[in-house]
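Asks: One structure follows; several queries about it will come next.
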Amino acid sequence: MTAPIRENLSGLDLRAEIDRLRKDRNAVILAHYYQKPEIQDLADFVGDSLELSRKAADTDADVIAFCGVKFMAETAKILSPEKIVVLPDMDAGCSLEDSCPPEQFKRFRAEHPDHIALTYINCSAAVKALSDIIVTSSSAETIISQIPESQPIIFGPDRHLGGYLNRKFGREMLLWPGVCIVHEAFSETELLKLKAQHPEAPVAAHPECPPHIIDHADYVGSTSGILQFAKNFPGDTLIVATEPHIIHQMEKALPEKTFIGAPGADGNCNCNICPYMALNTMEKLYLALRDLQPRIEMDEELRLAARKSLDRMLEMASGTVGKGDLGRA
Ligand code: 13P
Ligand code: SF4
């Protein structure tokens, strides 16, 4: 359980204090699109998992305050080991990471020795260390298209993203049975009702959604892909089937358009707020910058092992590794 904040911070201008500490600490604040609007608004950079990894690898700040979930902050530490990486709430986990304990994943790999492991970034550092190539939702298609069709693949931990890629690329990857509890909660029945009310509105969906939601989507892509689609589609109303905090960026960039979060079974989109991302608050970000805690620490051997599969992603996502240049870790 998350420890309660014991100090009284009510008299503080948190925004101003965070700004002051950011300068004092030479810190960069990175935030995912699923963070609360007030955190997105003060971040130095807001992005999807791939963009945030690239920023973490490139920054010359001394401190990275990562407003996202633990696997993202761990990724920043793996790529920038000399930096102090703080996560406002260390309990900000992920159901996909939880679904894939490293020991079980190791056994699964051992049962399929001819398969390479293509693994979604939403996993622990230990699972990254057991993988050959990491993908994000924005890099998965570029990377999979570089893997020879004859190469058998294990894909984990998201069975919906893996299933989507299997259907799109005609592959038969073996899928780990994990799901994102947030995207799993969209209701097809409620989505169809909403579509009937807005027959002109396209649906943009994240590939973590189950197939009965993807089947109704006009666009499927990462958070940054969905944001791009929102900017480019010709109409004025869009139904958004991903975590609803991304709508904040859409409303800022496109105030003339209407964005409607896809509903859960109760008919509204509140059940699709990621409970892990929501643990980060302005108060906790302030304390993390002030105390430089909670801090990501990692065993160096584990970090180096996990780094290989992440480096492979960064290379392949920018197209610098050619077809056929693949092997097991
Ligand atoms: P992207 O932002 O990379 O699309 O990933 C979404 C997600 O699941 C974050 O947890
Ligand atoms: Fe994990 Fe889903 Fe939350 Fe993303 S939205 S952090 S995949 S639980």
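Every residue gets a Cβ built from N, Cα and C, even glycine.
In case it's useful when we look at the structure, here is the feature table from TrEMBL:
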BINDING   His32, Ser49, Tyr120, Ile121, Asn122, Ser137, His206, Pro207, Glu208, Thr223  iminosuccinate binding site
BINDING   Cys94, Cys180, Cys274  [4Fe-4S] cluster binding site
Asks: Inside 8 A of the center formed by the CB atoms of Cys94, Cys180, Cys274, which other residues of the chain have their CB, for the recorded [4Fe-4S] cluster site?
Replies: Val69, Ser95, Leu96, Asn122, Ile181, Val182, His183, Glu208, Glu243, Tyr276, Met277
Asks: Are there residues of the same chain, six or more positions away from Glu208 (iminosuccinate binding site), whose CB falls under 8 angstroms from its CB, and which are they?
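Replies: Correct list: Ser137, Asp158, His160, Leu161, Val179, Cys180, Val182, His183, Thr242.
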Asks: Are there binding-site residues among His32, Tyr120, Asn122, His206 that sit within 10 Å of Cys94 ([4Fe-4S] cluster binding site), Cα to Cα? If so, list them; otherwise say none.
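Replies: So far as Cα distances go, the binding-site residues lying within 10 Å of Cys94 ([4Fe-4S] cluster binding site) are Asn122.
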Asks: Report the member of His32, His206 (the binding-site residues) whose C-beta atom has the most other C-beta atoms within 10 angstroms.
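Replies: The largest 10 Å Cβ neighbour count belongs to His206.
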Asks: For Asn122 (iminosuccinate binding site), which residues in the same chain are close in space, meaning a Cβ under 8 Å from its Cβ, but six or more apart along the sequence?
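Replies: Looking at Cβ-Cβ distances below 8 Å from Asn122 (iminosuccinate binding site), excluding near sequence neighbours, one finds Ser49, Phe71, Cys94, Leu96, Glu97, Pro157, Asp158, Cys180.
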Asks: I want to verify one value. Collapsing DSSP to three states, which class is Cys180 ([4Fe-4S] cluster binding site)?
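Replies: DSSP call for Cys180 ([4Fe-4S] cluster binding site): coil, neither helix nor strand.
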Asks: Looking at Cβ-Cβ distances, which residues of the chain lie under 8 angstroms from Cys274 ([4Fe-4S] cluster binding site) while being 6 or more apart from it?
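Replies: Within the chain, Cys274 ([4Fe-4S] cluster binding site) has Cβ neighbours under 8 Å at Tyr34, Val69, Val182, Glu243, His245.
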Asks: Could you check which of the binding-site residues His32, Tyr120, His206, Cys274 have their CB within less than 6 A of ligand 2?
Replies: Cys274
Asks: Among all the protein chains here, how many other CB atoms are within 10 A of the CB of Tyr120 (iminosuccinate binding site)?
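Replies: There are 28 such Cβ atoms around Tyr120 (iminosuccinate binding site).
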Asks: Is it possible to get the count of other C-beta atoms within 10 angstroms of the C-beta of Cys94 ([4Fe-4S] cluster binding site)?
Replies: 25
